[in-house]
């Protein structure tokens with residue numbers, strides 16, 4: 001009789017092996033080149049701008065894009081399980097989901113009207 | 001797999017919550033579509049009418065429900081009973097007086113909230129924003145959405161609903177804390193601290209829910225109570241889970257040792273927000289604790305009571321001692337609120353029958369004085385060399401001699417402070433009295449003795465502020481002296497309501513006590 005939790009333990013072991021194995025293998029067989037570029041934040045040579053140290057300010061637009069993403073992300077997060085259970089939930093599910101969609105449109109309307117969607 | 005059965009939803013029972021949440025959402029649309037010139041007026045009207053309408057709805061539900069109509073709603077996830085409705089009514093009262101203070105402006109037109117987050121105070125950019133008439137009308141929808149969460153909290157009969165309500169009430173408060181016009185960095189710091197610690201406590205709450213689900217196989221509170229009474233051999237899991245859930249709620253209440261955020265957030269948040277938050281959040285969280293303890297805990301009583309004793313004693317003692325050494329009025333009131341969380345807990349530690357009504361009365365008395373006291377703080381201002389009104393004069397030394405220059409305002413503040421101290425003929429006295437009697441009836445005598453000693457010590461720092469206002473001369477110091485400004489109509493109305501409430505509940509508390517006593521029965 002095996003404990004039902006054994007597969008989970010095996011999975012955790014496999015995951016740990018894979019992670020440690022990957023790091024270990026690249027440490028052993030990977031080429032080792034040290035240069036200036038290796039010390040920079042992005043190896044391609046692009047400087048991160050503005051500098052985080054020295055009171056760099058990020059444009060608020062980035063945050064607005066992130067917020068817009070979250071509005072749609074949350075929408076999708078709930079739409080998927082609803083779609084899977086659609087036939088079980090029947091009319092109740094449709095009405096609830098329509099209500100949810102209507103509500104989640106409200107912040108989107110707010111963003112649109114207050115100019116968050118204009119890049120310039 | 002079980003088949004899905006659509007829950008029957010009793011919309012009438014949910015109508016108070018729907019009114020508030022719906023108005024909050026309408027408020028967001030108002031912020032989006034109404035032209036800037038009339039936006040603020042519309043928001044203020046909505047924010048003041050909605051709690052009044054919800055209060056009427058709660059009164060109607062009270063007449064339907066209390067005395068036999070208690071029931072659970074939405075497949076047992078919410079409970080509509082006396083304690084829930086009473087707590088909702090109290091929260092809505094705080095919302096009416098609290099929102100009125102939020103909506104007020106100084107005589108020079110200044111609001112408590114920053115018009116533009118990025119515009120530094122005193123900069124040309126801020127001046128341009130002021131000239132353009134930019135204002136953060138989002139304050140009101142945020143406050144309404146938070147209020148909606150607070151209204152769900154007392155009804156939550158299910159740990160996950162309780163968690164969702166906890167988040168709904170917390171998230172807008174984090175944002176509101178960051179919106180102060182003056183001392184903006186302090187305000188941002190307060191919001192960040194509140195958010196991080198709040199997220200941490202929410203995680204603890206969720207972890208506790210997971211453990212309790214593992215223990216009982218259910219997240220509904222009545223099932224939990226049944227499981228606690230019948231399951232053997234899993235005490236460790238159950239007690240740890242229960243204490244973690246309690247931790248999440250005690251954090252919102254601001255009880256020791258989960259009080260670290262209280263002084264910083266109360267000091268940094270815009271003062272009108274602090275007043276509303278201190279009164280309403282505490283009431284909502286205590287209402288949730290009440291249901292958790294009375295519905296789920298009788299089966300856990302043996303293990304949970306010592307925890308509550310320790311928290312109550314620590315809150316009373318630390319709140320009192322720390323408040324004595326503060327030099328800032330907002331921090332003093334913050335530590336006093338920690339002490340009051342302890343006093344309020346005294347009412348329910350022994351799970352006595354009068355516990356719920358005593359606790360609710362205590363919260364009503366405390367909340368009215370709190371909203372009022374913070375409203376007074378918004379009026380006592382510094383002046384610069386040209387005599388222009390600037391920021392709030394929160395250093396205690398600046399309050400010296402206020403009684404001579406502004407006798408009415410100082411008298412109002414004195415009333416609130418006396419109520420905090422629990423002096424007879426104020427609501428605070430009756431509140432402390434019924435709370436301590438409830439504890440004594442449940443056999444918690446040692447706790448009552450400590451509570452009485454702590455309230456005697458706490459009286460010291462309230463009286464010190466009164467002495468400062470009436471019997472001290474303003475001393476020569478580098479700080480500008482304080483002067484009070486004329487309150488706006490809404491703040492004036494709020495102050496009058498809070499003061500009247502404090503007096504009437506102190507002189508003639510019987511009708512309210514009788515009403516609350518009817519409401520002491522929890523639906524299971």
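In case you wondered, yes, glycine gets a Cβ from its N, Cα and C as well.
Not measured: the values here are computed from a predicted model.
Residues annotated as transmembrane segment in TrEMBL: B:12-34 (among others).
Annotation source TrEMBL lists transmembrane segment at B:41-62 (among others).
The transmembrane segment annotation in TrEMBL covers B:82-103 (among others). Long-range contacts of the transmembrane segment (B:82-103) within its own chain (CB-CB distance under 8 A, at least 6 residues past either end) are made by residues 16, 44, 47-48, 51-52, 54-55, 58-59, 61-62, 65-66, 70, 112, 139-140, 143, 147, 150-151, 153-155, 272-273, 275-276, 279-280, 283-284, 286-287, 290-291, 294, 356-357, 360, 363-364, 367-368, 371-372, 374-375, 378, 490-491, 493-494, 497-498, 501, 515-516, 518-522.
Away from its own ends, the transmembrane segment (B:139-156) comes close to residues 16-17, 20-21, 23-25, 27-28, 30-31, 43-44, 46-47, 50-51, 54, 73, 77-80, 83-84, 87-88, 91-92, 95, 98-99, 102-103, 113, 162, 164-173, 175-176, 179, 273, 276, 280-281, 283-285, 287-288, 290-291 of its chain (Cβ-Cβ under 8 Å, at least six residues beyond either end). If you look up TrEMBL, you'll see B:139-156 (among others) marked as transmembrane segment.
Residues or ranges marked as domain 'NADH:quinone oxidoreductase/Mrp antiporter transmembrane' by TrEMBL: B:156-455.
The transmembrane segment annotation in TrEMBL covers B:162-180 (among others).
Annotation comment: TrEMBL describes B:192-216 (among others) as transmembrane segment.
Sequence-remote contacts of a segment are chain residues at least 6 beyond its ends whose Cβ falls under 8 Å from one of its Cβ atoms, and for the transmembrane segment (B:236-261) they are 159, 166, 170, 193-194, 197-198, 201-202, 204-212, 214-216, 227-228, 281-282, 284-286, 288-289, 292, 296-297, 300, 303-304, 307, 311-312, 314-315, 318-319, 337-338, 341-342, 344-345. What TrEMBL records for B:236-261 (among others) is transmembrane segment.
Tertiary neighbourhood of the transmembrane segment (B:273-294): same-chain residues 79, 83-84, 87, 90-91, 94-95, 98-99, 101-102, 112, 143, 147, 149-151, 153-154, 156-157, 162, 165-166, 169, 173, 176-177, 179, 221, 245-246, 249-250, 252-254, 265-266, 304, 308, 330, 333-334, 337, 340-341, 344, 348, 351, 355-356, 359-360, 363-364, 366-368, 370-375, 522, selected by CB-CB distance under 8 Å and a gap of 6+ residues from either end. The transmembrane segment annotation in TrEMBL covers B:273-294 (among others).
If you look up TrEMBL, you'll see B:358-380 (among others) marked as transmembrane segment. Outside the transmembrane segment (B:358-380) by six or more residues, the chain places 83, 86-87, 90, 93-94, 97-98, 101, 104, 112, 271-272, 274-276, 278-280, 282-283, 286-287, 290, 329-330, 333, 337, 340, 343-344, 347-348, 392-394, 398-399, 402, 409, 412-413, 415-417, 419-420, 426-428, 430-432, 434-435, 437-438, 482-485, 487, 491, 494-495, 497-499, 501-502, 505-506, 509, 512-513, 516, 519 with a CB less than 8 A from a CB of the stretch.
The transmembrane segment annotation in TrEMBL covers B:414-438 (among others).
Feature annotation from TrEMBL assigns transmembrane segment to B:444-468 (among others).
Within its own chain, the transmembrane segment (B:489-508) is flanked in space by residues 48, 93, 96-98, 100-101, 103-104, 361, 364-365, 368-369, 371-372, 375-376, 378-379, 412, 415-416, 419, 424-431, which lie at least six positions past its ends and keep a Cβ under 8 Å from the stretch. What TrEMBL lists as transmembrane segment is B:489-508 (among others).
Against the transmembrane segment (B:444-468), stretch B:414-438 has more CB pairs under 8 A than any other of B:12-34, B:162-180, B:414-438. Long-range contacts of the transmembrane segment (B:162-180) within its own chain (CB-CB distance under 8 A, at least 6 residues past either end) are made by residues 112-114, 117, 136, 139, 142-143, 145-150, 152-153, 156, 186-188, 190-192, 194-195, 198, 202, 205-206, 209, 248-249, 252, 265, 268-270, 273, 277, 281, 284, 288, 292.
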